Each structure stands twice: as C-alpha cells, then as structure tokens.
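Asks: Here's a structure for you.
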Amino acid sequence: MVQQEPAGAAGEAAAARPAEVRLSRRRWAVVLLFSSYSLCNAFQWIQYGSINNIFTGFYGVSAFAVDWLSMSYMLTYIPLLFPVAWLLDKRGLRLIALVGSALNALGAWVKLGSLKPHLFPVTVLGQVICSLAQVFILGMPSRIASVWFGSHEVSTACSIAVFGNQLGIAVGFLVPPVLVPNVEDVEKLAYHISIMFFMTAGVATALFILVVIVFKEKPLHPPSRAQALIQSRPTEEYSYVQSILRLLRNANFLLLMVTYGLNTGCFYALSTLLNRMVIHHYPGEEVNAGRIGLTIVLSGMVGALISGIWLDRTKTYKQTTLVVYIMSLVGMIAYTFTLSLGRLWVVFVTAGVLGFFMTGYLPLGFEFAAELTYPESEGTSSGLLNVSAQIFGIAFTIGQGQIMDRFGTKAGNIFLCSFLFLGTVMTAFIKADLRRQRANLDNEQTKVMPEACADPIILEESKL
C-alpha cells in the first residue's frame, strides 16, 4: 500500500529504495500555496477589464487601450513559454515558483506609482511585469500534480491548482467594482484605486515570503509508479528539443492543443469584454457586470472540481472532454441570445451554465494532455496548450471587440459560438491514448527487493 510519509522523515533505508512509492503530507500545502499566488496573479489580470469604463475615464485612454492591459498577459506568454518551460525541466518547480511569485509582487508594487491620470505608462509597466509572472505560473498545475500526488488524486490536485487561477478571476470581477466606484472626482477615484493596489501588493508580498519558506522542489519519495519511472530515467536521456518535436508529431495532442486554444481563447475574450457587453445593455450596472463575471468563474470552479474528481474515479478523459465541450457551446448560445432580453437574472443563470462547462474545461485539457503525451514533461505539454490559448485569446478579443463596435454584442458572441462549434467537432476526432494510465497499470504490482529483506515486497498504489 502507499505509505504516508512521516513529516520530515528522511531515512537512509528509504534512500536505498528509489522505487518505493510514498505520499508526502506537504503536498497539500504546496498545491494550496501555488493556488494562492496564482489567484493573486489572475486577479491582477482582470482587475482593469472588470471596470474598463472607470479606468478609461481615469487615464483618459480608449477602451481598446485598457483591453490591452489584459491582452498583455496573452502576448508576453507566447515568446517566453519555451525558455520558462526549459527552466522548469532543468531547474525544477521551486525556482519557477520563486520567480513567479516574486514578479507578481514586484508588478503589484509598480502599479502603486500610477495613481495619476498621466501615469498610464507606469500602470502598463506594472501589468507587463505581472504578465511575466504569469508565464511562470500557467504551466505548473499538471507538473505539481504529477510530482507531488499519487495516481488516484492527480486530476483532483490539478483541478485545485487551476482552481486558484479561476478564483482569482472571480475575485477580480467582484472586488474592483466594489472598491473603485464610478465617481467623477479624480482625487477620490485615485484614492479608491490606491486602496485596491495596496491590498494587492500586500497579499502578493506575503505569498512570496510563504513560497520561500514552504515550497519545496519535490517530495522525498515519488508519489506514483509513473513518477518513479520518470525519476529513474538518466538525465542525459532527456532532450528538451526532442521532447517538443515529439509533442508536435503527436496528432492527438495537436488536435487537443487547437481545441483547448479555441475554448480557452473564447473564455479570455468573454472575460476581457464582459464589462463592455453588460454596460451596453444595462447602463450603470458596473457592479452587476462584475457579479456576472463572478458567477461565470465560480460555477466554473465547481465544474473544474467535479470534473477532476470524476476523472480520478473513471479515467474517461475523451468522453468527459467531449461532453463538457458540447455543453460549453450550448451555454454560449444560451448566453448570446439572453444577454439583450433586459432581465439581468436570466443573464446570471445563462452565464452560470456557460461558466460551469467553459471554465470547468480548463483542468480537463491539462490532464488529458498529460495522458496523451506521457512520459514527456507536463510543463512542456501544458505550456503548448497555453500558447495556443493566448494566441486564440488575443485574436478573439480583438476580433470580437471590433465586431461588437460595428455590429453589436450579439454578432460578437455568435463569432465565438462558431469557433466553439469547430472545437467540438475537432474534439470528437481525438483518440483516447491514455499513456500515463497504462504506465501506472503496468507497474502497479512491481516487485521490489530491498537489500535488507530476502523476500520480495509487493507495493501497490491506493488512495489514502
């Protein structure tokens, strides 16, 4: 059976048995801490977009300029993915966590220097620094889940890691409209903005300190047979470039990369432009626009958690992904045709249904990719998924924004519906080649002969 590792235990006997599988108690602290600073970074992504009209008035810039504060996250990720993924493979989780949390805190403090209407370039600089932090965050969930968690809990752990990012977006929709009311007095508005920026910087700094203290590279023992096999592989056998080339020759992964990008890109565009959409149909409802965004993300967090638990129990990656994708399309269609009805409660309901499936899809994509590409690095596969999401996110945000300006919000949302339909069709062609599950099954009853014992010991994985 999988043994629970005593806190701080590090015996010589354990070191002599590298194939021994144990679960560390620290794993929950690691994933929750990562989830927390991911939350803070995601909050900083959407804090401008959720009150787009207020920042437009304060800085005297166009709505498109404020949209770019959100799109900067997408833009910086694309060229920096491969260097950061290489660092993750070569230097490990701890360095990436330290750099990501440090940049997140630094960007938050820089924003405090932008509390005058003429200092928009300073707030852009702070946001760009935070976007750099995001590059060190987005590829981590599936890697943390694989390195720290057993085979029966990896999907749940990945959902919790993604959960923080989604909660940050939810808080980013809820808190800014409350902290920063739409007032005419510039000095009062600057004061309210400063409160939001100070709170964010304080939280980000505290989380960085916790990462320094708590976050470790990996547990003393591998948590699963699949991870034990990876750790036993000689370092010189692994080539980062060859790994990327193998991924790009994997047809199932390429299909998933495109479909993940289409779905997540739609979510990014919807989140960035939500304030503009709601204010267009319901003038003066900045707070409710934020609450609608909150509803989308909170329901999505529930969907993500349920899908993670479901995958751990059933391992039905292809079927679950396809059903969730179809329901994302249905939810988007319902949202599109109810937004202009003049009844906010209907918009809340359809937005909640949309969020449950569209946001709930995010951890599914990471885990399905880890299955399709094992034993390649989860950081590389999830990084490629995120690059696809950023590219489509930028294209969809600009495209939908332009369509909304010329033809209205319904036409902009139909634009997204068409791409979700394309993604649904492509998902149906992905084959369920679950390589990581096969590795765990093939090694589930591996015999290990410890030096101190003449009889073989059977080690089997099970839930704690």
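Positions of Cβ are set from backbone N, Cα and C atoms, glycine also.
Caution: TrEMBL annotation is automatic and unverified by curators.
Below, the features straight out of TrEMBL:
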- 28-48: transmembrane segment (TRANSMEM)
- 30-435: domain 'Major facilitator superfamily (MFS) profile' (DOMAIN)
- 68-88: transmembrane segment (TRANSMEM)
- 95-112: transmembrane segment (TRANSMEM)
- 118-139: transmembrane segment (TRANSMEM)
- 160-179: transmembrane segment (TRANSMEM)
- 191-215: transmembrane segment (TRANSMEM)
- 253-271: transmembrane segment (TRANSMEM)
- 291-310: transmembrane segment (TRANSMEM)
- 322-338: transmembrane segment (TRANSMEM)
- 344-362: transmembrane segment (TRANSMEM)
- 383-399: transmembrane segment (TRANSMEM)
- 411-430: transmembrane segment (TRANSMEM)
Asks: Which stretch from 68-88, 160-179, 291-310 shares the most C-beta pairs under 8 Å with the transmembrane segment (118-139)?
Replies: 68-88
Asks: Does the structure show the transmembrane segment (160-179) and the transmembrane segment (411-430) touching, where I'm treating 3 or more Cβ pairs under 8 angstroms (sequence separation 6 or more) as a contact?
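Replies: These two segments do not touch.
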Asks: Could you pull out which residues elsewhere in the chain have a CB under 8 Å from any CB of the transmembrane segment (95-112), counting only those six or more residues past its ends?
Replies: 34, 37, 40-41, 44, 84, 87-88, 122-123, 125-137, 140, 194, 197-198, 200-201, 204-205, 207-208, 211-212, 215
Asks: Looking only at residues six or more beyond either end of the transmembrane segment (383-399), which have a C-beta under 8 A from one in the stretch?
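Replies: Residues 67, 70-71, 73-75, 77-78, 81-82, 84-85, 138-139, 244, 247, 253, 256-258, 260-262, 264-266, 268-269, 272-273, 365-366, 369, 415-416, 419.
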Asks: Could you give the residue numbers and ranges of same-chain residues that sit at least 6 residues beyond the transmembrane segment (191-215) on either side and whose C-beta is under 8 angstroms from one of its C-beta atoms?
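Replies: Cβ under 8 Å, 6 or more out: 26, 29-30, 33-34, 36-37, 40, 43-44, 47, 58, 93-94, 97-98, 101-102, 104-105, 108-109, 111-112, 115, 175-176, 179-181, 183.
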